[in-house]
Amino acid sequence: MAPIEIISPPSYLPLATSAAHLFGLGWLSVVAARTIYRSYVALPPSSATRHREPLRRGHVQTFTALAVVSLAVGGFFAATFGGLSYRIWAAQRGVELPESVFGDQGALRGGEHPGRLHLARWLNDVPFYQDALEIVAEKHRHFWWGQQVNLGLVSWSVYVAVEGRRRNISNLWAFLALAQLVNLSYAQNIFFIAVLLTPVPLPENVSELTRDSVPATSTRYSHFVKRFAKPDGFLPKPALYIVLLVANFTSIFLIPFAANTPSFMTVSIASRVIPFAFLLLPYIVPVSFGTIHTHPHSAHSTYTTLFRTISVFSAALYLKSTILALVSNTPERYSYRHSLLHPFQEEQLSTLNRGSTALGRLFGAIGEHPAVSAVGWDVIMSGLSLGIWAGIRALDAWEMLDSSMVFMKRTAKVVEGTSEPIVKQEAVDTIENIVEATPSSRRRPGRPRKSEKVEDTDDASSVVSLPRRRGRPSKKVVEKDDDAAYKPVEGNQLEEGDEDVEEDWESAAMA
């Protein structure tokens, strides 16, 4: 008698995890939209000018469209990968695939029938999330795309922690969680909208000011945050951030080596969880482990140091993955093919052909598997969003390189060249010229003598070359001076405009 296979009932925990993933995606999007709307309601009257309002509206529409595209791309490749995984599982288990959505063999028809969709059994047998991460990490050309998302998540999480705290944007954890649950480009575009609608730091009582438009829902959370709030201008020491950065980059470095091992999920989860520590660090460290800056610009040097450190680690890891991906995908120098006349015909490949083949395999990896396509298109969409954001913020490419490269000589800005001592020196020179042009002898009362009259005439001739005419002055000269275009002096001309002379740290963050 043949043994009877015992089929145990599947666990519904993986199915509940996937359902919680979808629910969390929608809930966090609502939280982010609520935060953005609160910033919009709290906009100051100075931001509602005829010049700024159309620009802001156009920029918000641009990043909204990019966010929708990023969400659609991420959802498409997630559904494609899920369908592929289910078909492979059904072929291995002998389960019939549904022929339609509804009908006799439909996927959503109730009861036991051929073609029923067995989601609980499939998710119980297949580690869906682990498979997606391992497929990206097990090959060098796949990990070349996946590592860029991990590195971008590190720098972007620090940028969210710095810029969000500087502008007093609430619920920063929601933006960072969206980068984990959806993709990086979607979270970036949502946060850029929040920054556009928060041109100035929000007041501390923003919840009370916007209570009529955005009712407060979580008073316990706000009280919990206020208990750990630090003074304004508090910034932890850079060494604490660098320790977290080293731990995060170390976990990213170990991901390809831990693929197909029991420790793979531990390393992958660590690389995804550590970025949240950048948001928590200003709240959990004591005041003695940081510095209280009286002026916001005094902390920019610390921000630039952090992003330069990120740039060094990111460049090293990116260079490592690029070299490994190119070397592993470069064909041999000699290729052999079989033919009737020459059974072992040898063909030598040039260096150009080998290099082009390696690059073709590297860039073509984006279409080899839906999991790789998801991270690859996320990299492309993220780069597009960053490029548009750099153009909106008017960030100079050379300043971005100067602020991010350690060994690159920094170029001084034109606006920074007109410092306060130069302006003071110009004022002193002007006063000295006026003093020199003024007669030094004191005029006595009464009619002056002839000798003094001659001396005064000589001094006046040295200052004024033309004789003064009697009568009313000419109106043509006055009208000409009034109609002349205003030409400011060099120092004042450089100070006009909206130049952001202290935004070096933002250039480093974008780089």
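Cβ atoms here come from the backbone N, Cα and C positions, even for glycine.
Just so you know, TrEMBL annotations are computer predictions that nobody has curated.
Of the listed segments 58-79, 366-387, TrEMBL assigns transmembrane segment to 58-79. Long-range contacts of the transmembrane segment (58-79) within its own chain (CB-CB distance under 8 A, at least 6 residues past either end) are made by residues 182-183, 185-186, 189-190, 192-193, 196-197, 370-371, 373-374, 377-378, 381, 384-385, 388, 392. Per-stretch counts of Cβ pairs under 8 Å to the transmembrane segment (239-257) identify 264-285 as the leading one among 12-37, 174-197, 264-285. A Cβ distance under 8 Å defines the sequence-distant neighbours of the transmembrane segment (174-197), meaning residues of its chain 6+ beyond its ends; these are 21, 24-25, 28-29, 31-32, 35-36, 39-40, 43, 56, 59-60, 63-64, 66-67, 70-71, 73-74, 149, 152-153, 156-157, 160, 163-164, 167, 272, 275-276, 279, 374-375, 378, 381-382, 384-386, 389.
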